[in-house]
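I have placed the structure first, in the form of structure tokens, so that the comments after it can refer back to it.
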């Protein structure tokens, strides 16, 4: 069994700082679990670790595809599994760090995912239906043909709804019937960082303001100039989609910033639903004065067990 330390928590809670200190202390390397940080050139809006942080500890699965390249849960799972095995084979301790709950669950629970290649023709037709009829209509259809999949997908997550319908139309089988679980060869402990909601929202708002000061608008402008359009999954994600109406002249910058804060608060509220499903979860207050000492004790006891 490969010892594996997962550090999870809502966005802006402090996962990066803690994971770097622990990885330095325990001869570790970090495998990012962030569906947005895989994209090159999307640095500020995804809150990637800084170059100095990435130089301090090796990081994996950051900057691996261009913003217009297809990227899926199955691809992520394969890459993360390979990275974890490589880190362990070199005698180092893998840390799985991030807040994309579905990616975490797929790796730590050993999901066996349907390997159905994207079908652009089917997807385009479904996207047209979504634009014409709304997400609720597609969700109702999914609930009719695959109740199990619908129960696991938020009704407003149109990309996952479309993917589930796409797999069904391509194969004739519900996506839920094509999934199974095979426990992976990991000895995992999950450290879940928490904060009271007001404190977390304050951190999120401060991060958003820091992103603006660091040049997020320039980053978005560069991406658009390079031909990456708003309908790409990368550009329609959190941190970028909120600025579309601003760049199109429909809202003010202050309104776009307020929208980003609001959307990030909502995202942070949804994240814990995934963390509760992870193996061997131990919660720690992210604002504890001895946070690193508490976390280091957990790691030491786990790898010695």
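Cβ atoms are placed via backbone N, Cα and C, with glycine included.
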Range annotated as region 'Interaction with substrate tRNA' in Swiss-Prot, from 26-29, 30-33, 34-37: 34-37
Collapsed DSSP category at residue 12 (ATP binding site): coil
Close approaches to the region 'Interaction with substrate tRNA' (34-37) from elsewhere in its chain (Cβ under 8 angstroms; 6 or more beyond its ends): 45-48, 61-63, 71, 76, 98-100, 102-103, 234, 237-239
Alpha-carbon spacing, residue 10 (ATP binding site) to residue 100 (site 'Interaction with substrate tRNA'), which is rounded to whole Å: 9
Residue 123 (site 'Interaction with substrate tRNA') and residue 100 (site 'Interaction with substrate tRNA'), distance between Cα atoms, whole Å: 23
Residue counts (helix, strand, coil, in that order) that DSSP gives for the region 'Interaction with substrate tRNA' (34-37): 0 helix, 0 strand, 4 coil
Mean of the pLDDT scores, which run from 0 to 100, over the region 'Interaction with substrate tRNA' (34-37): 97
